[in-house]
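K.L.:
Sending over a structure as structure tokens; questions will come in a sec.
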Amino acid sequence: MKNLFKLNFLFIIFIFISIFAFPTNSQNTCPSGSLNSTAIPIKIIIASNSIAKNPPLSGMLAGSVCSSITGTITTFTFPNGPIINTVPSGLIGKPIIGKIVLDYLNAKYGLDFSTATISQSSSTVSISISNIVKH
């Protein structure tokens with residue numbers, strides 16, 4: 001029962017942070033091949049996800065992104081790293097299955113995805129989402 005209370009308390013804090021934290025656009029230049037020429041502010045909230053048989057985890061990435069689409073894969077790249085990153089390190093580089101909430105220029109989208117992968121190299125963080133279905 002105490003563990004359930006702790007999880008509920010942490011979830012409430014996570015929701016509070018996700019509502020009030022929105023990044024500012026720092027006018028980062030995107031590389032050629034991106035859909036946008038300058039980085040655009042975004043929040044990507046992974047509301048419910050799982051890896052194989054592990055328990056569900058949650059997290060959020062927020063900052064200015066460059067985006068690209070290759071086939072059915074949409075990639076959001078934070079060129080200078082996300083301003084907010086509450087994604088557990090155990091999710092980096094592993095396939096994530098579940099739902100996300102995408103707040104793109106304050107237009108909220110609920111998305112399902114078959115898989116997503118978060119990658120990180122030095123200060124650059126990317127999330128690749130395959131087969132996005134908008135609700």
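In case you wondered, yes, glycine gets a Cβ from its N, Cα and C as well.
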K.L.:
Please identify the range among 59-79, 80-100 that Swiss-Prot labels transmembrane segment.
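P.N.:
Among 59-79, 80-100, the range Swiss-Prot annotates as transmembrane segment is 59-79.
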K.L.:
For N36 (N-linked glycosylation site), which residues in the same chain are close in space, meaning a Cβ under 8 Å from its Cβ, but six or more apart along the sequence?
P.N.:
C30, C66, S67
